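Reading through the structure tokens given below for one structure.
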């Protein structure tokens, strides 16, 4: 199996196992001392390296057991424990990782293990594992020094002490546990999963604890005085099935070279400014920034190697959108003069000669797509051929490299898994790939986006919450709201819509939106109900549900027949209405309401929030227009109170039940043209499981109009009828009788007019009884006046006969006592005048000129029945008046009592229902 990392340093410097064994340790030590003496390192710290090369090219040896191959091991010796007490020792070496294995071993010392776990430094001291927030990078030399004392370990990473826990301060190296007194330092292991993937170079052991300054001197190449105090560790044993390139030569100048934090990605693509920004951001990088010293230094080094560093887009911190970009001008490198880069203003829509992008050295890339699995995470590295293009180093023994114009994802054994052909050098984004194993085409995405971000088609990253939010433009290529936005991919194959969910409880909300009409004659009410049914189905899965509230999450109508959902049946409704409810012909939709943020998932190459069915409420919003039967009791009309009952039953496969805790019934409490409606009430069924609820609608008729059109006029007419007993004298029968008959005609006419507008009813209504009473009452008025007149005439007749008899007797008596003729003549004339006028005529009818004062003896002897007849008639008249008042008051009381008793029973029945709404 070829070594996948052999080309990093070069095959020409490789030393085979046989060559190493044939050489002596003394020969290598002699070469090493000679190389060290020729090293001329810069005086400053290695991080201040500015491109200078040592005057002499010092060479050393790097050990590289092949990762991923069984039984590979390199043992370094010359580490002898002294007598007790254990003296301090320091082990220093360089390490360069070329792949990010799960456990990339650096060394074993007894129970102490130092290694990299996917690029993160860790220490294992049985039984304690400790990881540090120190991330290594690929293809970068890292310096380690380990100070070993009898009290524990001190670890130094690139000249900085690593803060460790107390668990490292233990007797990991104990002489009692090593009888021979020797401790082997293992650079690799025979375990397949713990092999070193990279190089170890320049291992030294010092018999004392070095200071921080001395460690940094070794790291910076200035340790000419310290090295003779230590021992150059040599290889005592090599075990590897691969005999080639186990030991490789290296340049000390390579060790001393600074580690840049960026990778310079160079492409010959000619791009406009904003296209360059878009592509570079897809790699997680930025365009060259001249204010950034490291960017500038890397560009100068690239120039010294012959790279093109002019006519490339750059970024400037003071190049603001308001002052420059709006003018259509963008910054571009123009020339290089005395190691300085100058720029000019160039139209943004023009293209550059070369595309440069600085990518962070620790930049993760994930290959996403259907069937690619979850072990496709890579780190961006430079192409080993120095072409400026990007390569990928996998964390799970996979890597990505260019092969001509094809970019290939392959295993460590060079098995090509996926391949894409591109004339351009860009690999980030969603593109078509070729699966060589199955010879199929599929869309895969190479993305630098984080766990909670969405990868646009061009590689750009946006928050995953903006995916499928219905607002285009979050991605520059508009792929965040394209046809790939599928919130529901259908039920699983084992799903049956004839089976209800495990939790078949349905939250029901009913709102009486409006009352369209009330037909009392047909006992029908037409209403509009807003019904909401909410449930969950744990068997379903949804994706990318909106939570911004701007647009709803509507389930496509073609999916309605694929899932289980409940429907309503109303017992009092007409057949056609229930048929529409059962067949879904009413206007409705199914909304999806997520109850959580969701979990990040993936649909093919698209990131998505996944919502399990138990985390999503499915809600039917149903507008129900129906006509239902309500038997109206009109006994108290027009002051009647009606209660209408509506039984709503939940139906569907699997016997769904109503969730009583979430039952919400609202509506009512409004004024209609003829009724006042109270708030809607309900009463769930008592039988378990509860699948129906009975709604109660209370209607109180607004009788104000009848007070003015019927009740009030009748009361006024009745008062007029009573006043006829008082306003007219008892002897004026014609006026009194005509008044009563006229009032009777008015009431009868009013009743006949009202009958045409009254609702039909087999039983009498309160308004009928009211009119009937007043018609009867005016009839009784007329009868009472007839009785009064009869009584008056009877008394007058009796008075007339009595007066006539008395006058005759008086005349006879007077005639017998007459003294002269003049008296006789005068009395005869007066008697004649009395006899000329009927007794029944009133005094007012006779007139003042005909009034004759009854003087004389005969008048003084007049009968007492004359005044008694008028008094008795008035008494009869007042008795009729009083009796009428009592009758009217008694009728009104009985009328009101009957209406109130009938309405009270309806209100009590309505009060037995409950207010069903959620506060």
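Glycine is treated like the rest: Cβ placed from N, Cα and C.
Per TrEMBL, these features apply:
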- 449-461: disulfide bond (DISULFID)
- 497-657: domain 'Neurotransmitter-gated ion-channel ligand-binding' (DOMAIN)
- 710-728: transmembrane segment (TRANSMEM)
- 740-758: transmembrane segment (TRANSMEM)
- 770-790: transmembrane segment (TRANSMEM)
- 878-900: transmembrane segment (TRANSMEM)
Against which stretches of its own chain does the transmembrane segment (710-728) lie, if we need a Cβ under 8 Å and a gap of at least six residues from its ends?
638, 735-736, 739-740, 743, 746-747, 750, 754, 767, 770-771, 774, 777-778, 781, 784-785, 877-878, 880-881, 884-885, 888
Same chain, outside the transmembrane segment (770-790) by at least 6, Cβ under 8 Å from its Cβ: which residues?
710-711, 714, 717-718, 721, 724-725, 730, 733, 736-737, 740-741, 743-744, 747-748, 750-751, 754, 873, 876-877, 880, 883-884, 887-888, 891, 895
Long-range environment of the transmembrane segment (740-758) - Cβ separation under 8 angstroms, sequence gap at least 6:
637, 709-710, 713-714, 717, 720-721, 724, 765, 767-768, 771, 774-775, 778-779, 781-782, 785
Where does residue 461 (disulfide bond) sit by DSSP, helix, strand or coil?
strand
Overall pLDDT for the domain 'Neurotransmitter-gated ion-channel ligand-binding' (497-657), taken as the rounded mean:
88
Helix, strand or coil at residue 449 (disulfide bond), per DSSP?
coil
